[in-house]
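Just below is one structure, and these are the notes that go with it.
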Amino acid sequence: MSIEQLKEQIPDFAKDVRLNLSSMASDESLSPQAKYGLFVACAIATRNPTVTAALEAVAAAHLSAAALTAAKTAAALMAMNNVYYRFVHLATNKEYATMPARLRMNAIANPGVDKADFELWSLAVSAINGCGTCIDAHERVLKEAGVSAASIQTAVRFAAIIQSVAVAIEAAAVTVPLAAE
């Protein structure tokens with residue numbers, strides 16, 4: 001499925017979402033690997049199979065097998081880490097912050113692609129999943145690696161757009177009879 005075909009599934013009440021998707025698709029401010037890895041990782045984070053299939057198909061033409069796998073890995077690891085570290089952050093009992101996580105996450109240290117790209121994908125997924133601790137950690141690593149604030153903002157903007165595409169498509173699938181006027 002192409003971006004155009006995905007746009008056709010977005011209902012008229014979400015015209016702004018369609019326009020944002022078009023803008024995202026034509027944005028060239030990130031490297032192709034960073035951009036299309038974001039498409040994959042963020043689409044997976046939406047848990048919407050239509051969006052995931054479409055954006056993975058688009059990205060496959062621009063990513064190596066290793067980069068495609070790394071983007072999927074970022075989404076999977078953040079699904080775990082975002083739940084755990086959001087709990088640690090939000091729990092009133094701060095004892096949990098002193099306990100070892102005991103979660104395997106070796107791929108973060110050796111993702112098989114440029115570390116900054118993997119961190120960018122992880123940051124964007126963490127934004128979708130709402131983990132402030134993870135957002136701060138990934139943003140700090142990205143800044144230390146010399147990634148600009150504009151690139152970081154672009155990644156989070158892509159995450160917001162991809163999430164809104166998933167929600168718009170899901171909302172269009174729900175039909176409720178309207179009360180007679």
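In case you wondered, yes, glycine gets a Cβ from its N, Cα and C as well.
Per Swiss-Prot, C134 makes its disulfide bond with C131 among C42, C131.
All protein chains shown were included, and the count of other CB atoms within 10 Å of the CB of C131 (active site, proton donor) stands at 24.
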